[in-house]
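Participant: Pulled these from TrEMBL:
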{"type": "COMPBIAS", "residues": "60-79", "note": "compositional bias 'Basic and acidic residues'"}
{"type": "COMPBIAS", "residues": "192-201", "note": "compositional bias 'Gly residues'"}
{"type": "COMPBIAS", "residues": "207-254", "note": "compositional bias 'Basic and acidic residues'"}
{"type": "COMPBIAS", "residues": "255-268", "note": "compositional bias 'Basic residues'"}
{"type": "COMPBIAS", "residues": "269-286", "note": "compositional bias 'Basic and acidic residues'"}
{"type": "COMPBIAS", "residues": "294-310", "note": "compositional bias 'Basic and acidic residues'"}
{"type": "COMPBIAS", "residues": "343-393", "note": "compositional bias 'Basic and acidic residues'"}
{"type": "DOMAIN", "residues": "103-181", "note": "domain 'RRM'"}
{"type": "REGION", "residues": "48-79", "note": "region 'Disordered'"}
{"type": "REGION", "residues": "187-415", "note": "region 'Disordered'"}
């Protein structure tokens, strides 16, 4: 198959040139023998110099010694700089320190992204602000993280000093203190070796972390560090964290119990209010029914009294209008249409029974209208009877006229 391939592909399968033959060496390097054997240094001692003429030996500096030396040199250099700056430092003649020192508030640990307008909004809640001075770095122009706020009134500064310490602004809790440079005698700032707090005393086992407003003199006499400071510090932090979590759980449980008690009291109060409202509504309904029953009873008694008066007046008027003639209508029990057993009395009984059987509002209104019509007819009949009596006294008519008038009156009363 390879004979059919083109020459360029056949060149890939061609064998290489054979390896050239080289004659072997006489001896290997480790097999060769040296002409001069090894010897000591005794023949060369006379070539060395005299030890009495040699310079003294020099000792090299170790890494730890070099770091300690640099640290001491740095501390000495910094002390010289601090002494020089202390001679030049005068807070009363500082051009940046303006305004009343007793109305000025010092704010530290400010977020680097916090602006002056943000500080003004946060601290204006305690009173009107006169001026805010934020400190910037002279070399880079970036904020240093602290500022001075001057208030219009001293009481506002005291209020901010009391309530604004630890306030969170832009994710960081600020430290608030009074201006001590111009108010405290012998005061030195932190950059000149003064300040409050023990956060820059040394390592983590020596430094103290607190708000910074407390005096550091009470932290001076501290016991020495323990053999395992990191482990003790971690244990203390864990213990404090557990205590804080327990306190938070207790506070949360107290709030829940108070909320449950409040809801329970509100439910019981609502239930009591509903019960009282039901009782009041029942009492109102009872009083309303009692008043309505009293009014109905009073109206019934009034109607009965009117009916009695009306019946007595008719009996007395009949003999006067009819003269002394005895009645000719039958037995004494039946006295005609106007007697006690006449149709008018039966109609009144039927009306009374109907009023007692029906209690709806429509029936009561109908009864009132009927009573009003009856009173109107009764008054009209009384006026007619008086007119008949006047005519009888004047002699205008005889006995027939009086009987006719009596019949009309009885017919009107019946209607």
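Note that Cβ sites are derived from N, Cα and C of the backbone, with glycine treated the same way.
Situate these features within the shown structure.
Facilitator: According to DSSP, the compositional bias 'Basic and acidic residues' (294-310) comprises 17 helix, 0 strand, 0 coil.
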Participant: Could you give the residue numbers and ranges of same-chain residues that sit at least 6 residues beyond the compositional bias 'Basic and acidic residues' (294-310) on either side and whose C-beta is under 8 angstroms from one of its C-beta atoms?
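Facilitator: Answer is 348, 371, 375, 378, 413.
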Participant: Quick check on the compositional bias 'Basic and acidic residues' (60-79): DSSP residue counts for helix, strand, coil, in that order please.
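Facilitator: Looking at the compositional bias 'Basic and acidic residues' (60-79) with DSSP, the answer is 17 helix, 0 strand, 3 coil.
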